[in-house]
Amino acid sequence: MYGTYHQQERLTEDEILQGMLDSRQRFAKLDNSRGYQHSFRKKSKWELVRLSLLIVGIECTYATETALVAPILLGIGLPHTVMTMIWATPSLAGLLFAPVIASVSDRLRSRWGRRRPVLLALGCTILTGMLVLPNGTAIGELVGLTSVGWVATITTVGLIMSDFSAETSNGLCRTYAMEVCTIRDQARVLSIMVLTGGIGATMGALFGAINWNRLGIGRLLGGNGPSVFAANWIVLFVGLLVTLTSFSEIPLPVQESEPMLRPVTQKMLLDEVKRAQGEGRVQHEKEEVQEVVGFKQFVHNVLHMPRSMKVLCLTQLLSHMSYLTYCLYYTDFVGATVYEGDVRALKGSAAAERYDDGVRFACLGMALCSTTSSIYSVFIEGLIVRFGARPVYVGGLLAHCCGMLAMGLMPHKLVVFGCCALTGVMYATIYSIPFLLISHYHSKNCFTEVDGQYVESIEPRGFGVDVSMMSSMLCLAQLIVSLAIGAVIDAVGSTIIITFISSAFMLCATGSAMAILYMGL
């Protein structure tokens, strides 16, 4: 992934990097009470897993929401158009506030670090939202607000709290993990996050496939929906606790006052290689702490993105539009189209039973998607090294495109189930390669290519802001899909249309991925 540099002493780039890390680790060990030395050493697989356990809870939350929110809202008595508009509310909140939260996180001067305090606040909000979301009817009865409008409002509040906070936490968790890892470990932690995230999504889907009423837990907690969210709540709580207690961050004031405690970036490494080769002198004392941008600079970064970031964000937007068209309506599609059930049928009727069976079968398909995503994520890094990021990225997107087309043309149980594996390949792709590319851009401080040469950026860009903007593409995609697709389904009269729309979106994303600046990755 990185080149090898030879000098008179025949030191390679890896050897120079190791020397820089060793010197910083020795400096950090002079004050063991602060515990910052871990930032300059290679992390074990278990340590990377600890950093990734919050992603398990977040992905479990996503899976639970995508499987059950549509049946919950439709079961209240809402039409598809209104149901999908409700799905747009957390997306709108994400577009407005997620980048702002990321900017605040970039500049936070807490002794506990920049990312962990924000992650703790967002985690508590997710946990609260998951208690409200499946219990809208029960809460309405408790406070005497039992109309459809009030129950839908209460449920929407829970959805906003859980979905918005989960999506914002997703990007910040990746930022936190990459910042406490060395540049050689960043690709490893991103791959492990996709792996563990797939495990979390599989757990969430399998929770939805269980008939909790037969186990007795459903009758105790008020039904299948609250039981699934309760299991999800436990997974998220454990993940939040383990990740936030894994590694301490180096606070921003410490980085500003002690240059030897600043993370080693790819740009710093290349400058050190040039210095060692006698090609130039590096003024370390004049280095500024990276990624710290004020609010005005943050707005400027958002409004004046380099072309490379624009294309990457567009590709991610189209990819998420395709994926969300599939996942937000997949359980309803299987229950209504494949199993020919009816979500509004009387409880206990044949149509209602068929719909419930279809939802549980769809959850198994989503579990297959997540399992495939986890398995494929193990091989992504090796595939990138062997074939390059472009073929791996484009191939992953095309897999989902073909799967959705096959699902629409042949809506049978085996086809619908098997094509979920192709979606898993795509999911692992869009949650690893784009973030790896952002890390690559920032580590080299290059976002532009002119005449085949990479041009170093002269404007500061916040790493957390760029990661958050990438994550915000999910919010924008969810907003667009939520406002448009429900009306299309009601107009056509069948959820089978979602498969063809999803395939078309992904085909456009594939074309956009061809134009991304991969910068030798």
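Just so you know, glycine gets a Cβ as well, placed from its N, Cα and C.
Of all ranges given (117-136, 317-336), TrEMBL attaches the label transmembrane segment to 117-136. Looking at which of 117-136, 142-166, 230-252 has the most CB pairs under 8 Å to the transmembrane segment (84-105), the answer is the stretch 142-166.
Among residues of the same chain six or more beyond the transmembrane segment (117-136), those with a C-beta under 8 A of the stretch's C-beta atoms are 54, 57-58, 61, 64-65, 68-69, 72, 76, 101, 104-105, 108, 110, 151-152, 154-155, 157-163, 165-166, 168-169, 172-173, 176, 222-223, 225-226, 228-229, 232-233, 236-237, 240, 243-244. The transmembrane segment (187-210) makes no contact with the transmembrane segment (495-518), as judged by fewer than three Cβ pairs under 8 Å among residues 6 or more apart in sequence. Sequence-distant contacts of the transmembrane segment (495-518) (same chain, at least 6 residues past either end, Cβ-Cβ under 8 Å): 307-308, 311-312, 314-315, 318-319, 321-323, 325-326, 329-330, 332-333, 336-337, 388-390, 393-394, 397-398, 400-402, 404-405, 407-408, 411, 426, 437, 447-449, 485, 488-489. Here the transmembrane segment (230-252) has Cβ contacts under 8 Å with residues 34-36, 38-39, 47, 50-58, 60-61, 64, 107-116, 119-120, 123, 126-127, 130-131, 173, 176, 179-180, 200, 203-204, 207, 221, 261-263, 289, 292 of the same chain, all six or more residues outside its ends. Here the transmembrane segment (359-380) has long-range neighbours at 59, 63, 66-67, 71, 191-192, 194-202, 204-209, 211, 327, 330-335, 338-339, 392, 413, 416-417, 420-425, 427-429, 432-433, meaning same-chain residues at least 6 beyond its ends whose C-beta is under 8 angstroms from one of its own. Nonlocal intrachain contacts for the transmembrane segment (415-438), taken as residues 6+ away from its ends with a CB within less than 8 angstroms of a stretch CB, comprise 174, 186-187, 190-191, 193-194, 197-198, 309, 312, 315-316, 319-320, 323, 326, 334, 338, 361, 364-366, 368-377, 380, 384, 389, 392-393, 395-397, 399-400, 402-404, 406-407, 463, 466-467, 470, 506, 516, 518-519, 521.
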